[in-house]
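Record features, source Swiss-Prot:
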REGION    1-321  region 'Ribokinase'
BINDING   ASN198, LYS199, LYS200, GLU201  ATP binding site
ACT_SITE  ASP266  active site
REGION    348-477  region 'Cytidylyltransferase'
Amino acid sequence: MKILKSFTPRILVIGDLMIDHYLWGNCERISPEAPVQIVDISKETTVLGGGGNVVNNLVALGAKVSVSGVIGNDENGVELLKLLREIDVNVDNIVIQEGRKTSKKSRVIAASQQILRYDKESKEEISKSSIEVILNSLAKDISRYDAVVLSDYSKGVLTKELCQGVISTCSKNGIKVLVDPKGSDYSKYSGAYLLTPNKKEAIQATKIDIKDKQSLKEALLKMKKDANLAISLITLSEDGVAIYDDEMKIFPTVAKEVFDVTGAGDTVIASIAFAISAGKSIEESAKFANLAAGVVVGKIGSATVSISEIEEYEASLHKSTSDAHIKGFEEIEAIVKRYKESGKKVVFTNGCFDILHVGHVKYLQIAKSFGDVLIVGLNSDTSVTRLKGPSRPVNIAEDRAYLLAALEAVDFVVPFEDDTPYELIKMIKPDTLVKGGDYEGKSVIGTEFAQELKLVDFVDGKSTTKTIQKIKGDLHV
């Protein structure tokens, strides 16, 4: 990973460039004109899509990226160039073709659900003159690149003539070509270093129903032979990545939580291209891509991932289960954002949990039942001392957090230094705030930031104080 972090590969992306346009709003009415929903738009966002998302991923990893493709002489084309320049991408080799529409996909989203998509684009093959310009530019600048990525979304840019021209030029100059393919005819990519279809795409292209390791191997071999590849590769979603060079190897997925698989394929080809350019083997590159995909599917939408995020993620995989669920303020803020964006209901409670007992466990189980994710705020040692006296806590915060995080009902534990979790609740803004039944009729800190307050009765006769008394022999039962 250190070598990858210190290396800046120069990568050219050629393919279908597009804009992903999102319109966010609320839908609470039906139109009087027709039986359709009315969406009141409150926010609009635009990001790079298609091959542009591969570019985004490469830039996030730290690559120096150039882009080649064809756009129209239109407003969307101007916007796309602006988005690329904003992330410091070389756009000198993008061709503007008269009469062609720049691809823009607009999605209307309400209540976290996509309810409509409309597209503006051209799908016909690009002109002969556009192909010549791209190939001439590649031949002139080939020494500037460590690898070339072809990102095919079947929008007419990556014709067979262009693909074969690119692969031929790169082959003569010792440059590897990696392809994210589309369609069932992989012959147009013949001679590439590798392709990265997903399982569904591989089945479509090879006509082999991949249902076990033997059929997977057959599909990999057929791809390798039919497209004259150095290496064949198939992404297997939650099962990881399979490759075939001289034998089949499967690298299992390492994703801990999956929020959204949108754009995961772009992350895979970008990370493999990045690692291959740094001189890594295909095995090392596949493992790196798996880690990158494991991070990106934990985000919402066509997201990207950095080397630092991958390093942190890899380190977290080696932590114990409990350690991985103990978070700081910044970490939990990002985690809560992802859960809420995916429509999950967040529950929060807090306490000292000094000597964990059955009353605590049952309380936390009930709290978890109010939503999808339970976050427990944990008073620090100094906070417990201020609240409970100089003899407390019995167990230090590190031990208390570890025990809580090991409980099935608890998703995350967040230690805090203040006497109350006010700032933590303010940041999280839980759907449900849970407190003990002894708060009946009392003011509860942070209720103004929660959608609802739930009071849960304690288990009779179970408390940390009584446990301590019993240990001391002061309580006879």
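The backbone N, Cα and C atoms fix where each Cβ goes, and this holds for glycine too.
A gap of 11 Å separates the Cα atoms of ASN198 (ATP binding site) and ASP266 (active site). Per DSSP, the secondary structure of the region 'Cytidylyltransferase' (348-477) breaks down as 50 helix, 26 strand, 54 coil. In the structure shown, the C-beta of LYS199 has more C-beta neighbours within 10 angstroms than that of any other entry among the binding-site residues LYS199, LYS200.
Apart from the site residues ASN198, LYS199, LYS200, GLU201, the chain places the Cβ of PRO197, ALA202, ILE203, GLN204, ILE234, THR235 no farther than 8 Å from the centroid of the site's Cβ atoms, the recorded ATP location. GLU201 (ATP binding site) is 14 Å away from ASP266 (active site) when you measure Cα to Cα. Ranked by how many other Cβ atoms sit within 10 Å of their Cβ, the recorded positions GLU201, ASP266 place GLU201 at the bottom.
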